[in-house]
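The next block holds one structure in the form of structure tokens; read it before the comments.
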Amino acid sequence: MDSYEKAIDSWKAVNLTELQKQLDVQSLAVFQTQSSSLDSRKKLAEQTREFKKIPNPDQQQIKALLKEYQNEIDSINKRSKNAESAFLNLYKVFAEVADPYPILLELKNNSEQKNQLEELKTENRKLYKQIDDLNDKLMNDKKNESQITELKQQVHQYELLLESKVNEKVAELTMELKGEFDERIKIYKENEHSLNRQLGHLKDQMNLLKSNQELNSTMAVDTYNEDLALKLADMDILNLDLEKANAKNNTLQKEIIVLKNEVQKLSNQNALKEAQHEMENYKSQVQELESQINSIEKANKHDLEVYKVKITELERQVATKQVEIKQKETLLEEYSDYEEIKRELEIMKGVEIEQTDENLPLERMLLDKNKKMENENIALKNEMSTVNDALEKSRDLLSKLQFETKQKSSLIAKLEADIHRLNERTPHSPNEHLEQLMSDFNPTKTKNDSSIIPILTSQRDRYRQRYEESQLETRSLNQKISTLSDQINSLKQDNISLYEKLKYQESYVIDVDVNKYKQMYEERIDPFQQFKQKETKRASNLNTLEQIALEFTKLLVGNKYSRVIFVVYAAMLHLLVFVALWELMALESCKAKVPAVTESLSKLNVDPKTSPVAAPNPAANVAKPAGATQVPQSPVQSRATAQLPIPKGAKEKIKKLKIEDLEIRNTLGTGSFGRVHLVKYKPTGKHYAMKVLKKAEIIKLRQVEHTMNEKNILEQLDFPFLVKILGTFQDSNNLYLVLEYVQGGELFTYLRKSGRFPNHVARFYAAEVVMAFEYLHGKDIIYRDLKPENLLIDHLGHIKITDFGFAKFVPDVTWTLCGTPDYLAPEIIQSKGYGRAVDWWALGILIYEMIAGHPPFYDEDHFKLYEKILGCKLRFPSHFDPLAKDLVKRLLSPDLSKRFGNLKDGVQDIKHHKWFAGVDWDKLKNLEIPSPYVPKLSHEGDTSNFDVYPEDHEPYGATGPDPHRERFKDF
């Protein structure tokens, strides 16, 4: 390599192109010097002749001097000839030689590229090994994560068991204590009743004493007239006795009061002592139970500590593995084209790799293909080496032949020069010796011509090459001219034949109505006439009802008075509708005020039945249990029992939404971009679902276009089976979409609870999806994300399709790869252009999953899943309905020309299928068919049908600088 680089450097220093230019200039200079020296030598010969004619006594000495000059001139002439011949030889060599420097550079680059290719191959093998290792580690991490989740679930179960046991024991103890305390209270009440009886007896005795006193006073008054004197003494005695009795009575009353207080104290003290004793017994029992609970808790704590140690160890392992995963993610980010390589591998598998055996895995096929490619590469390398050897041999031969030709050309030039000299050299007299010497010294014209021969030959070759090129160009032009002349001749012949036909037609005697055919021809050309013919055909193909409707519209539009009457009628009808809506709103506001009035009446102890404001129907709050099958009530009854208002979507948008007007309640769901909250709109008290999307995550995952599409599409939708949007707003961190709140939860939860749906239930939900897709496709929207998780159940049991993140306006074809893997159509996997047919494929998957309980092509490995989808081999369980089986097969046809929904009649092929026989599509659209499942709801903001998610107390409504405002300016 060092010698190779030295050769490249030396040739680079030589700069052959510049050298050739310099040699051209020098050759012309040599030619000019030769011609000038020839003229000078001629002048010198003439001067010597004239000098010889002059008589001079010292002529001998001058001749000797001239001979010496002649000898010196001959030697100079020889040296100049040798130098010029050497220069011309070099010029002949370098005049037409190609510059080897770029060839050597290309060879060097080829060798370097070859080395780089080998290095890339080794690096590629290492990367494949690293990818295999990473896949193995990822599988191990997944297994470890599953084990950790199982352990966490076990710990959670143990904690729940502990809590349940403790709660049960506490409840038992509280029930026992309540019973014993109730018995004690009964005993205390009985003691109080007995003491009250004793006090009544004492009161009776007091009354007897008073009555005796009154009797004695009356007896004293009766005997007062009989014996006053005696009775006065007796009266004094009796007065004394009476005073004593009164004093005794007062003392007795005081003693009764004291005794009553003492009895109460004694009874209370005894009861307290007994209660304290019993409480001590209960405390001892409670302490025993607490000791038991503590022992159980200690055992559980020990188990928890053991589990926590295990969990910490597993978390450490998970942390280390997460660090490894992050490192590997960085590596994977460096090789971010992995998904493209995967897609290319799928394409290679579908296109380049020969599918000899479908059971062979992709890696085996790639290895076989790689081996074939390596064998071909080795064969090509061998051929290249043989070609290089042959090229080197041919170069050696060429160099030898060039050397031989140079030698032969030099010999030929010498021979020609010698022959020319022999022909020219004829001395006639001794006096002309000096002239002959001068002539020998001076080269003749033939010699000059022989020295310029290579230059002339090179110019001749160049002119010859140019001449050949001009000849080729003239030939090509002549060929073009000949082809054009042939075309002109053929056109002339066609014109002659047409002229003969015209002459023949003119000579035809029978008159032909030319205007008729002229009119037909003009009608065929005129697009308006074509449109008119098509419309007349369509009108003739209409059924009787459509023809009646068409005639009715013609009657309305065809007359001026009928148009005016129709406009007035429509205006009056709109006014009537607005008045009815106004009255309904007033009624709803009154109904909303009824509960507040009843509450205020209940606080005032007023019976709401007797109040002037009627109470709401209690049957309206009674909801049916979840999972109830086939409610036989009418749709009017089902609406009356629910009594939950449906938001009106696009018709009732809230203007200028603010986060301050919304009261955030529970979390309904979470995702990669944010979460969905249940919110209450404070001005009206209605409940809605607010979808919060983080701007940074949307931009990071390149979902700006999908988010804007979701917002634009939702604003244009107004259909019973599609979720409605009420407004959007944003702050510096998040985007907010306020949507209709669908209380029944996801269809997936009902499918998971029941395992699989009966045939009539699957038909009901599939029919509603068909009508929703018909509406979307009518607006050139494809959904691309159908799955049970995106189908919500409203309060009446009907579906609402949500999550329009992958929806898109597609008038013709799109190529984006998106959707749930189990529901992807073959044309999406193969990266072909696709349209509305992918939604009908997803409908077939949904019907299969609802009836069978699982998707038809389920596999944890996505490669195997895609292979199954492309293979499209369906296996139906034994309970599958045969009509549903036929519809699923027609929907899951990989051939787009045979797939239902993508044929000539479009969605009508699906609607008229036998599986949907008996479905009244108009009643279904008007929600007049009862749902097979009606969710259980207690109030409008009930979230019992949704899973419980941990709350994220992130503050909303940030007002800082927004770097992403321009990207979401239309939101």
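Using N, Cα and C of the backbone, Cβ positions are placed for all residues, glycine too.
What TrEMBL records for 59-168, 235-425, 460-494 is coiled coil. Under the heading domain 'Protein kinase', TrEMBL lists 662-916. Taken from TrEMBL, the feature ATP binding site covers Lys691. Per TrEMBL, the feature domain 'AGC-kinase C-terminal' maps to 917-971. The region 'Disordered' annotation in TrEMBL covers 948-971. Positions annotated as compositional bias 'Basic and acidic residues' by TrEMBL: 962-971.
Listed in sequence order, Gly674, Val676, Tyr736, Leu737, Val738, Leu739 are the same-chain residues at least 6 apart in sequence whose CB falls under 8 Å from the CB of Lys691 (ATP binding site). Residue counts for the region 'Disordered' (948-971) under DSSP, split into helix (H, G, I), strand (E, B) and coil, are 0 helix, 0 strand, 24 coil. If you take every residue in the coiled coil (460-494) and average the pLDDT, you get 81. In the three-state DSSP scheme, Lys691 (ATP binding site) is classed as strand.
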